[in-house]
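Visitor: Reproduced below are the annotations present in Swiss-Prot:
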BINDING   Cys113, Cys118, Cys142, Cys145  Zn(2+) binding site
Amino acid sequence: MISSSKRDELIVSKIRNGTVIDHIPAGRALAVLRILGIRGSEGYRVALVMNVESKKIGRKDIVKIEDRVIDEKEASLITLIAPSATINIIRDYVVTEKRHLEVPKQIRGLIKCPNPQCITNNDVEAESRFITISIKPLKLKCKYCEMYITEDDVIRQIL
């Protein structure tokens, strides 16, 4: 999947079908793989490019997964740790769908409130709900107990 054509250039071959997640902030690709439940033994062909130059965000990571399309829940979780990411769906070597991720104004059921006293941690029927306070840096507020969580808190939950 990887070949070198020039001294300073690394080329990752195209995938026939699957997903390419581009513009992931540098160092976050492993967290993206964790969200997707990919540990290396599932049989997917995966290309991971980390800490490469990007005109858009300075440095970035890229994840390519052959024969795997991510679902909405996975895309929503990726949005929280990589709000500038782009998800490209590939079919027969062609990008058939391109999604630019955006952090939603409200987040429901994706992450847990870290407050042990929050109703969402004490009532099995209560779904966690967070309101987005800021995107850069990511700051969310629990709708029930009003506890704030940051991007680092979200990453800790994922990892």
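Quick reminder: no glycine exception, Cβ is built from N, Cα and C everywhere.
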Visitor: Give the sequence-ordered set of same-chain residues, not counting Cys113, Cys118, Cys142, Cys145, with Cβ within 8 Å of the centre of the Cβ atoms defining the Zn(2+) site.
Guide: Pro114, Asn115, Gln117, Ile119, Thr120, Asn121, Ser128, Lys143, Tyr144, Glu146, Met147
Visitor: Over all shown protein chains, what is the count of other CB atoms within 10 A of the CB belonging to Cys142 (Zn(2+) binding site)?
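Guide: Taking all protein chains shown, Cys142 (Zn(2+) binding site) has 21 Cβ neighbours within 10 Å.
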Visitor: Using a 10 Å cut-off on Cβ-Cβ distances across all protein chains shown, tell me which of the binding-site residues (Cys113, Cys118, Cys145) has the largest neighbour count.
Guide: Cys113
Visitor: Check the DSSP secondary structure of Cys142 (Zn(2+) binding site), expressed as helix, strand or coil.
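Guide: SS state of Cys142 (Zn(2+) binding site) = strand.
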